[in-house]
Structure formats: C-alpha cells, structure tokens
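See below for the structure under consideration.
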Amino acid sequence: MTAIVVYIDQLDASGKLSVTATQLLTVARGAGEAVAVVAGGVAPELLNELGAYGVSRVLHSEQAELGQFLVAPKADLVAQAAAAVAASAVLVDNSAAGKEIAARVGVALNAGVITDAVSVSYDGEALVAHKSVLAGSYTVEARATSAVAVISVKAHSVEAAPAAAAVIPAVELVDVAFAPSSLAARVVTRTPRAASGRPELEDARIIVAGGRGVDGDFTPVEELADVLGAAVGASRAATDAGWISHASQVGQTGKKVSPQLYISVGISGAIQQKAGMQTSKLIVAVNKDAESPIFEIADFGIVGDLFKVLPQAVEEIKKRRG
Ligand SMILES: Cc1cc2nc3c(=O)[nH]c(=O)nc-3n(C[C@H](O)[C@H](O)[C@H](O)COP(=O)(O)OP(=O)(O)OC[C@H]3O[C@@H](n4cnc5c(N)ncnc54)[C@H](O)[C@@H]3O)c2cc1C
C-alpha cells in the first residue's frame, strides 16, 4: 500500500490535532497508508489521536532549527520523511506556511504541486485534487503526473472520520539534514496574537464576514459570530479601512475559505471577494441593495439593513437555544 504523508505542526506543543489535520488524515487513510510527519514532540494524547485516525507511522523531529527559523526547515523535514517512506503523496493545510512547505517539498522531490484544493478524492490509482479557478468561474480536477504529488488542501475538504479500528502508530525519530539556505532567516522574536476565543478562519465551520456596509462597526457581525461559534471574516474594503485586522481578509489577496456556512454581511460580492469564499457549502447574504452581485451566488439572501437584521437573528438564535 502506498504511503500518503500528512504534515502536522506541533511546535506549539498543544498536543491536539487541528480540525484540518483530522480531515487530511481521513483523506490519506482512504487512499493508502496514512503516515504523519510531525514537527515537534509526539505527546501520548497526540499519538492516541493519530492512532484513532488510522495513522500507522509517525515520523517526527524535535530539532531546535524547526522552531528557530522560518518555514524552510519544516519543508526539509517533510521532504526527507516523505522520501524515507517512499510516499506517493504529501498533504499539507492551505495556510500560507502550508503552501510554502508544499512548494519547497515539490522542488526537493521533483513533485507536482497543487495548491488551493477544495477537496481531494482517490480514483483508485492516485489522489485527484478539485479546485475552483478563475475567481470561481470553473471547477477543475488536477492530478500530478509526477511520481509524488504535493497537495495543499483547504479546511472542510471532507468530513473528518476516525478509523473503524484505532491502531498504535510506530514512532520514528528523523535526523533532518537542513540545507544551509533553510537556515538563512532566523526568527528573532515572536509576539503571540491576542486570542479572540473564536475559531481560526481557515478551520472554522461557520464564518460571518463583514464589509464596507458595517461602516466601521463590526459589533453586530461579532455578536452573530459568537452565538454561532463562528470565525469573523472581512472584505478588503473593511480591512483597508482599518476596521479589522488584515488577517481577517477573505478573497483573492486574503484567505481562501470553504466553510459549511458563510454569512456575508454588507459585502457587495466583487469578483476578488468571491474568489476566496465561493466554494463555501452554503452562502447566506445580508445586503440592503437587492441588486448586489452577492445575491447571484447566495443560497439564501436577506435584503435589509444589517444593523436591523443581525440583532434580530442573534435574538432568535438565543431564544431557540433557550
Ligand atoms: C488586485 C485586487 C485584489 C483584491 N483582493 C480582494 C480580496 O482579497 N478580498 C476582497 O474582499 N476584496 C478584494 N479586492 C477589492 C474588491 O474589488 C472590492 O473592492 C471589495 O471586495 C469591496 O468590499 P465590500 O463589498 O465590503 O465593499 P462595497 O463594494 O463598497 O460593498 C458594500 C456593500 O454593503 C452594502 N451595504 C451598505 N450598507 C449596508 C447596510 N447597512 N446593511 C446591509 N448592507 C449594506 C452595500 O449595498 C454594498 O453592496 C481586491 C481588488 C483588487 C483590485
């Protein structure tokens, strides 16, 4: 059975798998032998979780360089681990770091690299990546023609499902030979972002996003997000105005997300915004202009003033939850 490597970052030693990692492991297990490559330690809880998702081998390294430099040393680890298990595919998350790792691993292994996959299927021979391209106008299927495929996959590509029977993974320590160029840019200081208590945009099952229509006041958007346990996103008009951090921007030059539910609030639906959210499973739009282009892609639309609609939604959700 061919080995499918899934990269997992544990440098923060959280000891938990991210939602996206559980989804990637589910894909890997369906197409071959799931092998986890972990940057950092493998705590007993993590090993149990990996075993529950059917991972048979865990290759990891705790070498200090992995945390002291930018992304390149992690790519060295993934490339060398993938070569050691003769992997036919490497799966990484679709974050900026994940995509950089994908590119570097692709170069190291002479592998075809496919980024921004919305989902991944297995055709009996190889992994097939499904992508939304040209600002969401087309959906394409892509398959690497090289011996190894490297695919970065958006969150919610599949429903994460534990294996029918848990296994006890074999743990192997990798002694990574770092390329000199990988150690060229050292991290000198880290400032942790203040925790919002909300899920990360890329991991969230529900996103409530606000645009210029919020007119500087994200309170209604945040209140709706909090009753739904959702992440808060934004259009570029809102981030450029400084109403919310650029890390919240969704779109062509922001994050590309595919949540189960995307609630678009006071956003017109420009092509560059759609490029980042059009693959959401269900889109609900709130906009006071019935002619707004966002309604062309919305599954449900509410024509109205967000400052009236959102508080009513929050009140109703709270009432129904008792
Ligand atoms: C190269 C390039 C890259 C870009 N990348 C991105 C990107 O990554 N992400 C992105 O989002 N944009 C991006 N843009 C910008 C994009 O073209 C749009 O300008 C932007 O998305 C508009 O944001 P908006 O919909 O919030 O604002 P607007 O287009 O001004 O729309 C505001 C909407 O709010 C509605 N509204 C106003 N008041 C209310 C109210 N009280 N209640 C309900 N609705 C209300 C209005 O009817 C309107 O539809 C990019 C542009 C370029 C050129």
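The backbone N, Cα and C atoms fix where each Cβ goes, and this holds for glycine too.
What TrEMBL records for this protein:
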BINDING   R212, S235, R236, Q249, V250, G251, Q252, T253, N287  FAD binding site
DOMAIN    4-187  domain 'Electron transfer flavoprotein alpha/beta-subunit N-terminal'
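Everything TrEMBL records as a feature, shown here on the structure.
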residue: R212; record: FAD binding site; contacts (Cβ under 8 Å, 6+ apart): S235, A237, A238, A241, G266, I267, S268
residue: R236; record: FAD binding site; contacts (Cβ under 8 Å, 6+ apart): Q249, G251, T253, G254, Q272, Q273
residue: V250; record: FAD binding site; contacts (Cβ under 8 Å, 6+ apart): L201, I207, A209, G233, A234, S235, K256, V257, Q273, G276, M277
residue: N287; record: FAD binding site; contacts (Cβ under 8 Å, 6+ apart): G213, S264, V265, G266, I267, S268, I294, F295, G301, I302, V303, L306
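Here the domain 'Electron transfer flavoprotein alpha/beta-subunit N-terminal' (4-187) returns a mean pLDDT of 93 for the predicted model. For Q252 (FAD binding site), the Cβ neighbour count at a 10 Å cut-off comes to 16, with all displayed protein chains included. Comment: FAD site residues R212, S235, R236, Q249, V250, G251, Q252, T253, N287; largest CA to CA distance 23 Å, whole number. A helical conformation is recorded for R212 (FAD binding site) in the three-state DSSP classification.
In the three-state DSSP reading, Q252 (FAD binding site) counts as coil.
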